[in-house]
Amino acid sequence: MFPLKACVFITLVGTVCSRSLLEDAPKDTPKFHKLGLKKMETASQAAKKEGALLQRKYGTLSYTGSDAVGLYNFEDAQYYAEIKVGTPGETFKVVMDTGSSNLWVPGHKCTSAACLLHKKYNPASSSTYVANGSAFSIQYGSGQLTGVFDTDDVTLGDFVIKGQSFAESTVEPGIAFVAGKFDGILGLAFSRISVGGQVPVFDNMVAQGLVSEPVFAFWLNRTSDLVSKTTTGGEITFGGLDASHYTGPITYVPLADENYWLFKVDSIESKGVFAKTTFATNTMAIADTGTSLLAGPKDEIKKIQQHIGAIPFLNGEYLVLCKLIPTMPNIEFVINGVTFTLEPKDYVLQIEGECLSGFMGIDLPAGNPVKYILGDVFLGKYYSVFDKGNKQVGFAESTSGAEQAVKAKTMTITL
Ligand SMILES: *[C@@H]1O[C@H](CO)[C@@H](O)[C@H](O)[C@H]1NC(C)=O
Ligand SMILES: *[C@@H]1O[C@H](CO)[C@@H](O)[C@H](O)[C@H]1NC(C)=O
């Protein structure tokens, strides 16, 4: 489905460093959205069951056939935000997912268990609803989620996206969505992987002039990872960056394609005292906020697991002995010539007394250009910039940062 032109067209164009895209922006009032994120509290089972989800998500969204692994749990360790759909509007919690491109919420005709336990969109109570009626269908491990397309205004903080196409579900399969604290999903990837030709929300934000720059950035709060499983939050800025949440230069890497946020990783390695171990070179990865772990090809991930001393557990996942964390090696990702280091404290998730390796093996269907999925394990350590205008992704050292006032047209939602 995706042309395999990645390695041809990626060249090392040198690292573009910039404190903020806004510095280069025209001097008129920047339009800047700042959106608070909340992390699901039950960050445990999800991580353990995410393998199935990954298979499903990347196995079928854009590729025919392939896997049939069950999706059991979808809610966990997902970062979600609140949006409003319609006028005056119903509020929904949606996973902010850079690994997909559709927006859907539970629909008024849905009688699945998940819909009974979540808010439902009702066109009749919105004065801005416009009928569409085309069928929507997306495959998850637990089955087919079906619905219909509608058009309505969608509110993100203070900003209203007019005439956004989205899907309201009619059937939500299995228990996955029942347990989820989120109501729906808001995809932030490209239209090419959008089901049914739905124009993604961010594309409309850009087209409607809501943001001054076609860029958004994620900060994910991981501060409590090794301490407890308390709720952590995060922040998305739409239209610019939040300099309080990163430090040092931003390393940009050109997009290999505009489907997922797909880019080249030069190498994945670990430096020992005497030798360097290389797990992969010239591979392709995506930045995916909707995935909690860091996934890659099973054979390569197996070498990483052996290197860090992890032992196989379930569903392609591995455990480590918590007491060995201080002695475990760093794993390095070289992206556009710059090394991004994950220390054990970054890649080990402590869940209910168990220590889970943040690396997970997954073999995506042949022909899928995606080899590695850099989920929250990576994006928690590195502030991530999704730059549509310049067709690039950027990473910088994340900092917990202090809240600071941003620009005039700022929207902040704290969840
Ligand atoms: C219905 O929605 C789909 C998905 O956004 C879109 O491709 C299609 O053009 C819409 N049809 C009408 C009649 O508005
Ligand atoms: C990050 O999360 C921790 C623990 O949940 C919290 O105490 C801290 O205030 C959060 N940091 C920011 C900057 O919000």
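Placement of Cβ uses the backbone N, Cα and C atoms for every residue, glycine included.
Automatic, uncurated: that is what TrEMBL annotation is.
Among the features that TrEMBL reports, active site is placed at Asp97 (among others). Around the Cβ of Asp97 (active site), the number of neighbouring Cβ atoms within 10 Å comes to 23.
Sequence annotations record features per position, and here TrEMBL assigns active site to Asp288 (among others). In this structure, Asp288 (active site) belongs to neither helix nor strand by DSSP; it is coil. Neighbour list (Asp288 (active site), Cβ cut-off 8 Å, at least 6 residues apart, same chain): Asp97, Thr98, Gly99, Tyr260, Trp261, Ile373, Leu374, Gly375, Leu379.
In the three-state DSSP reading, Cys110 (disulfide bond) counts as coil. According to TrEMBL, the disulfide bond annotation covers Cys110-Cys115 (among others).
TrEMBL lists Cys322-Cys355 (among others) with the feature disulfide bond. In sequence order, Val348, Gln350, Gly353, Glu354, Cys355 are the residues of the chain that are 6 or more apart from Cys322 (disulfide bond) and have a CB within less than 8 Å of its CB.
The annotation domain 'Peptidase A1' is assigned in TrEMBL to 79-396.
The signal peptide annotation in TrEMBL covers 1-18.
The average pLDDT for the domain 'Peptidase A1' (79-396) in the predicted structure is 90.
The C-beta environment of Cys110 (disulfide bond), restricted to residues of the same chain at least 6 apart in sequence and closer than 8 Å, consists of Lys120, Gly147, Glu168, Ser169, Thr170, Val171, Glu172.
In this structure, Asp97 (active site) is part of a beta strand by DSSP.
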